[in-house]
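According to TrEMBL, the protein has these features:
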DOMAIN    55-129  domain 'HMA'
DOMAIN    141-207  domain 'HMA'
DOMAIN    216-282  domain 'HMA'
TRANSMEM  311-332  transmembrane segment
TRANSMEM  352-370  transmembrane segment
TRANSMEM  382-401  transmembrane segment
TRANSMEM  421-438  transmembrane segment
TRANSMEM  577-596  transmembrane segment
TRANSMEM  616-636  transmembrane segment
TRANSMEM  936-956  transmembrane segment
TRANSMEM  962-985  transmembrane segment
C-alpha cells in the first residue's frame, strides 16, 4: 500500500502542488525526517499501518444527475494520495471519503486535507460542503447528565448553548421535562468532568448518569476483612483477566468498578477471582454486585418531591397565620382590637406579627429563588426565578418600608403586603411540588421497563454432552453470555437467548405489546423481561446487560424523550425575550397606574379605602410580574412527547423522538415493501416442476448448495425445503459452491460440482442468453396468478426447473389498508418481485398502486417522487434493501422482526411486526400533537389573557383586580395544568377499528 501511494505521489506531485498551493506549502514547511542524507521525507512518512484509524468525511454534493457524475467525482478523488475509499451516492447527493489521518503520512493536517477533498469535488464541476467530519470514529462518546435547578426553557437553552460552545462537543440535547442532558463529545478533547464543571459554572447542579464507558461496567461490593495489600492483589488479579479493560478501586470504600468486554468475560469471573485471591491471605471476603442505593433517577425525583413537600409544609406554618391576621382576624372585633394596638407610634402588633412570620418564608423557604435568580443573572439571562424574586421582594420590602415609617412617624398610614409575599412563595412551591409529581408520572414508562428484569436467575451447570449436572440461584446481574439458565412456569426470562430444551408459552406483551402468549420450543428466541406461562425452558444466553433487547428499548425511549420536536422551537424562541418583556410590562403597568393616580386621571373612588394610588399601582405591577409563566410554554411539548413515546413503547411502537412524532402525524402516503411487511416473510416452496430428466434430490442438492450463500428470504425457503430430501441430517453440509455471485434484484450464480448453476428470475436468464420455453412461461404465469413467486433454475446454461414459492399475506393486511384509506392515507406497494406476483398480492390486500421489480435505489427514488408531488411519505419495510427508502422517507417504519440495519435506519420500530401498528403509530402521533397544540393554546392563551387582567384592564369597568397572591397561584396552576393535560395521553386507546380486525389462520398448501 505504501509503495503504491508513493509512486502515485511522485507521478502527480507537480500537478498537485499547482492545484493546491496552500496545502502544498504547509506540507513542504514541515520538518523533514528520515536519515541524514537529506532526502525528502515522503519515503518515510508514507508508511501506513494497517491497524491505524481511518478518518472519514461526509460531503453534501449538489449537481449530480446520474451515476456518470458520481463516477467522475470518485475518479478525481481517488487520484489524491492517502485516500482509502470513496463512496459517492448520487441518489442522496452525498459523498463519504475515507482517508488516513496518521501523522506519518504526507497529509497530517486533516482539516486541510478535508478542504482539499472539497476543492477536488468542486474542480470536477460540482458544489460540495462538509456535513460531517469523523476524524476518529472511535473517539465519539455519549454522556448523560442529570441537571438540577432548571425552571424553564430559558435554562435549558442556556445549558445547550454553553455545552455546544465547548471545543469537542459534537451535539448536546437538554430536556427540561426529565431534567437531563445527552452530550456527544470527543473524549480526546475534553472529559466528562469538564462538561460537569461548565454546567456548574452556568449556575446549575450537574450529576453524571452514565458515559459511553459504562456500557460494559459493573460495580462490586467487598464485604469482610481486607487490607490495602489485599486490595492491590485484587486489582492486579482482575487486570490480568482477559477482556478486562480497567479496574478502579475507591480507596477508603468497599467498591470496585470493572470495565470489561462482555463477549470475553463477566462478573461471576470477577467475584471468583476476588474471593480466591484473598482467601487464606488476609482472611475471607465476599464480593457481591454493588447496589446503587439512592442514585437512580427515580430516587432523585422522590427526594426532590420530598424536599418541596417539606418546604410547602413549613411555608404553611408561617403563611397561614400571616393570611389570618391580614384577611380574617381584622373582621373579628376582639382580635382586631388586639392586632391594631399601637406599640411604637403608628406601628401595630398586627404589622409586627406579619413581619416576623413573613421573613422566614421570604429568606429561608424562598432562598431557592434568590439562588436561581443570581445564577441566571450571572450568566446574562433571566428565568422564572427572577420574576418570583422581583415580585416577592417588591411586596416584602415595600411592606418593610411601611413598618419602619409607622415606627418612626406619629401620623403615617400605610398598608403592608407581607401576606402577598408569603402567600406567593407558598403557592409557587405548592405548584412546583404538584408539577414535579406530575412530571414524574410522564416518565413512568421507562421505570416500568427497567423493572421488568428479574432480580434472580437459575443458572444451570451443563457438561460437554449438554446434560444438566446442577443448578444454583444467582443475582440476575451476574448472568454472562453463553450461560444456560432455567425458566420455570410463572418466572420472568432473565436474559435474551434461545431455547435449547423444553416448550412453553411466553407472554411478551410487556415488550412487544402482543396480547396473546407466544409458543416457544427448541431454537426459538426469547426476550429478557418476558413472562413464562407454562412449561420449563432451558435458555442459552446470547445478550446481556446493555446489549439486551430490554436495555436497547430503554435507551431508545430515553433518547426519544431527550430529542426535541421541531415545534419546540416556538417555545425556545419565545423564552429568549419572555422574562425581560414581562419585567418591562410589569414596570410599565406600575408606572402607568402610579402616574394616572398622581395626575388624577381616574376618580379617587377607584382606590380601595386601605390603600393609596402608589400601593394600588404596586399591586398591579406585582400581579403582572408573578402571573406570567414561561414554564407552561417550556413544558407544552416535551411532556406530551414523553408521555406519547412512553405509551407507544407500551403498545409495541418505539418512536425515536419528537421529530418522528411530528412528521408521522402529517403522513399522507405510505409505501409498503412486500416480503415480510405485507406478507408473513416466511416463504415456503409449494411446487417444483422439472423440465429435464433428473432426480429431484440431485436437483435440490445443486440448488441448495448455490442458495445457501444468499441471505434472501426466498433462498432460505429453498434451502429449508431441500433439507426434506436429507431427513437423516438436521444441518446438512451442502457441496461447495465456487465463484458465487449475487446479482441484486435478479438472483444468484455459482459453480457446484463442476456445473454452472443459476437460480433467479427471467431477467437473470435472459441476461445470460438462456432460452425460456413456453412450458416455463406457462408455469410462471400460473404461479403469478396465485400470488406466488416463480423461480427459474438453469444448469449448465439449460433451463432445468421452475419453483413456485408462496409467501402468505398477513391476516390483517387487507383490513389495515382499508383503515388507512378511511384515514385519507394513500397506500403504495414497492417490491423487487415480478409484476405478476406483485399485482396479485396488491389485489388481495386492496392496494391500487404497485411498483414491481424495483431495486433498492429505485424504492428510494419512488419515495422522493412522492415527496416532490407534495406527499408526506412513510416507508414500511424490514430488510437491508429497504434501508435507502427508510432513510429517504419522511418517516421510516421498520418491522421489529426485520434486520438490524432496517431498524437502525427507521424513525419508528414496530415490535410486533403487525401492520395494525402502522395505524397505531400514526394515530398516536396525531393524538400527541393535538395535545401539544392544546398545551400551547392553554399556555399562550393563559399568558395573553392573564397578563392584561393582572395589569388592571378590567378594573375601570368592573372594579375587578387580581391580588398578587392569586396571580401567583394562577401561575403555579398553569404549569400543573399543562403537565396534567399531557398526562391524559396515558389513557390513549388505539382506534376501535383495530379491535374488530379478524384473526385468521394462515394455511399454505404444498403441491
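Backbone N, Cα and C atoms are what each Cβ position is placed from, and that goes for glycine too.
Computed from a predicted structure; not experimentally measured.
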Residues from the same chain, set at least six apart from the ends of the transmembrane segment (577-596), whose C-beta lies under 8 A from its own: 154, 381-384, 386-387, 390-391, 602, 613-614, 616-618, 620-622, 624-625, 628, 630, 633, 947, 950-952
Beyond the flanks of the transmembrane segment (382-401) by 6 or more, those residues with Cβ under 8 Å of it: 151-152, 154-155, 354-355, 358, 362, 366, 368-373, 376, 416-418, 420-421, 424-425, 428, 579-580, 582-583, 586, 615, 618, 621-622, 625-626, 628-631, 964, 968
For the transmembrane segment (962-985), distant same-chain residues with Cβ under 8 A (at least six beyond the ends): 388, 391, 395, 417, 419-420, 423-424, 427-428, 430-432, 434-435, 438-439, 441-442, 619, 622-624, 626-629, 631-632, 635-636, 639-640, 642-644, 647, 927-928, 931, 934-935, 938-939, 942, 946, 949-950
Averaged pLDDT, computed only over the residues in the domain 'HMA' (141-207): 83
